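Okay, so here's the structure we're looking at.
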């Protein structure tokens, strides 16, 4: 019943091309598909995973790395039986253990990587050991006593290998538990609506519909979206929903394939279908919601590994068709056509991932009901400075999801900048009412209340934001501005000092400290703060400018001049830099240079406050000196 077969070439069909040529062909097709995106921007969650991630950017390759080590683990397991021929044993324990180690690496890259152990077990029992499920079923029906003897499991070392795989998987899961804990991530209803449904029927029917969508994306990857949450796929709530047909079609095909894989009298067919279905189903199980709730409805990345099984089944299907028809050229043309169509789709999709504008807009046609899609389009437009269009998309995001606090927060920010303070306050108040621990919304609400001169409410909002996010330098900065407006300089300085402690490169907080100390006549302290800031941020021209002003008032003209000139070199278009350097020269008695920099400042900004008056004073002084000399 369980005869070990160490010759795997007939189980995993090889190409008719020489190996070297096949590798070149695959490399060429891959290059054509993805070459268009090599110089694309970092988009969507690349910002957090790669650009702003200081530990390692390789996290952005989690799915690829997970698939790589999954396949290496599987190939290592296959190698255990190839090595047995050389060693004269039934299998190589070394390669089995190496396969388990590689599965651990696969899991460290991506959690679904551990499913390779289950895949190896199924592959071993049904393909290597040629376990015939149909035969076992028949023996169970006839109460065959041979099943009571487990010798058939021990034959060929199958039981020992299953024990190794199970022990290895249990050890890996235990280590994962020790490192990361057992608590599942906290997901919300918008991430996976079906998992929050009260009815078991609604949950089950929608989970199965999600499976059919994933299967359809493998067959026809035309509708692709960077995010499928937030109403992208409405829930099926009754059997009258026409989408039930998709579930029936999926299970009709799957059950047919599984029956053939387990019960076909053709052992070759059983092994090929087992391999294909194993790749298709087993790596997908962690995303199936069967064992735990997942944080997505559909995620195209989780069908990356299952696509291997799809390719095996598709190739096998075309092989069967080719054997039973005389129109072999038509079959070959169909295969080439499918390959070209998928290449074209891949190239198109890569083009859409080149920048966020293309990516987000491509999702509008696929998931027009997805609030997150509208939110991201709006955010991108806001970053580009198109506030009017951004407001339109933010409003649509809030309409689609009235509890979308991030959209409310961003819309409130734009309205605040446009001085539409009343509506901004309403939106931000609603956001913190829906999510009381939303620190950013509390801070922005405080800014709006400060602008409305409701200082007491603003102070409470700022402190509430800090309560929920203790390390919040921007909030401390805004709190300091509030205290400065209330003429509470010590409180303002403390708030800004907290901001710079939490974020040493917080330029605005450093500058405000220097300016406040300067304005209150504490020049020595202002100078000390300015020097401290410049040590931490040595190339910041605004701090050079603020410190230069303090040094000028302290009559340290030479050092002040050097800092002004460095600031101007870094930012030559700042009229105030030229104007204040002119004031320095004016005080210093270097009237010609003062005249030169006043004129440059007025050329850059003819309405610069105080500059024209100072320039006129200097001209009168120069005229007076000229008259006296005559």
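Placed from the backbone N, Cα and C atoms, the Cβ positions cover glycine too.
According to TrEMBL, the feature transmembrane segment maps to 20-38, 58-78, 90-108, 114-137, 158-177, 244-263, 275-296, 302-321. The feature domain 'DUF1736' is assigned by TrEMBL to 183-255. Residues annotated as repeat 'TPR' in TrEMBL: 371-404, 405-438, 473-506, 575-608.
Within the same chain, residues 541, 545, 548-549, 552, 557, 560-561, 564-565, 567-568, 614-615, 617-619, 621-622, 625 sit at least 6 positions outside the repeat 'TPR' (575-608) and bring their C-beta atoms closer than 8 Å to a C-beta of that stretch. Between the transmembrane segment (244-263) and the listed ranges 58-78, 114-137, 302-321, the one holding the most Cβ pairs under 8 Å is 114-137.
Contacts between the transmembrane segment (275-296) and the transmembrane segment (114-137): present, as 3 or more C-beta pairs lie under 8 angstroms, all at sequence separation of six or more.
When Cβ-Cβ distances under 8 Å to the transmembrane segment (114-137) are tallied for each of 20-38, 58-78, 90-108, 158-177, 302-321, the top count falls to 158-177. Across the repeat 'TPR' (575-608), mean pLDDT in this model comes to 91.
Stretch with the largest number of CB pairs closer than 8 A to the transmembrane segment (302-321), among 58-78, 90-108, 158-177: 58-78. Among residues of the same chain six or more beyond the transmembrane segment (20-38), those with a C-beta under 8 A of the stretch's C-beta atoms are 339, 343, 346-347, 350-351, 353-354.
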